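Asks: Sending over a structure as C-alpha cells; questions will come in a sec.
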C-alpha cells in the first residue's frame, strides 16, 4: 500500500516531467532549424533584389524581374570544352579552311591496311601538281613533321597517306617505310625548296666492320661491337656538328649493320677512307684479357648517311 502511494506521489510526476521535457526540446530544436533556413532564404532573396517582406506569386515575380526587359546586359556563360587531343585540337575537329580533296575516295571505301610507298607514290605526285592537295594540308601538322628533319614533300606525302590523322602517325609511317626509295617524292619547285628547312630526307646508319682475321668467338665479337657502338655514340655526343645527324638516326630507329673485315690492314684502310670523307669513326683495340692479344684492332665503327658510308663499306659482306 505504501509502495503504490509513492508511485502516485513521485513516479507519475517524474514521468510526466520527462515526457514534457523531451517534447519541448524537440520542438525548440525544430524551430531553431526552421528559423535558420528562413534567414538564409531571406538573405538570398535580398541579394537578387527581391523584398522578402512582400508576398509575391511566381507570376508576379516573373512580371517584375523578367518581362519587358532586353537581353543586352545578360552575361554569356561559356560551356567547358572537352580536353584537347594529342595534337592540340579536338579529336574530331578539322581545320576550318580545309576541304575534302576531290579525288580522295570516301572513308568507308578506304582500305584497312596502310598503303606502301610504291602503291601511293604515283597518286601523291599527281596530287602535288594540283592545288587541292595543298589546301588539305594543315600547316601546323606539316611543320611538326618537317621539324623532325623530313622534307616538305615527304611530310605532305606521309600526312596524306595517314589521312592527316596526326604528325606522329605520319612520322611512324615514314620510319616503317624507311627502306623504300623516296626519290619520286623530291620533285618540288624552287619555292618549295626554300620553304623546306630540313632539305632532302636522308637515312643514317651505323656500320661495324669486324676483324675476321682474329677469329673471335660469338660472345667476344658481340662485346667488341658493343664497345664500338658506345664509343662512337659518345664521340658524336661530344661534337655539336653531329647532333642533327644523330637525332635523325635515333628517330629512324638507330639502324646498325655488322660487316666482315679481312684483317687489321683492311680496317686501317677503311678508317683512313672514312676520315678523308669526314665521317665519324671509332676504332676498338682490345685490352688482351681473353682470346686476342692486347692492342688488337677488333672493330671499326662508322656513322653517316647511306650515300656517304656506302662508298667506303658498300662492297663488304654481312657478318
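Just so you know, glycine gets a Cβ as well, placed from its N, Cα and C.
Quick paste from TrEMBL:
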- 90-106: compositional bias 'Basic and acidic residues' (COMPBIAS)
- 107-124: compositional bias 'Low complexity' (COMPBIAS)
- 125-138: compositional bias 'Polar residues' (COMPBIAS)
- 136-177: domain 'UBA' (DOMAIN)
- 79-138: region 'Disordered' (REGION)
- 7-28: transmembrane segment (TRANSMEM)
Asks: Would you mind splitting the domain 'UBA' (136-177) into helix, strand and coil residue counts from DSSP?
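Replies: Once the DSSP states are binned, the domain 'UBA' (136-177) shows 28 helix, 0 strand, 14 coil.
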Asks: Grab the pLDDT values for the domain 'UBA' (136-177) and give me their mean, rounded.
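Replies: Across the residues of the domain 'UBA' (136-177) the model's pLDDT averages 76 on the 0 to 100 scale.
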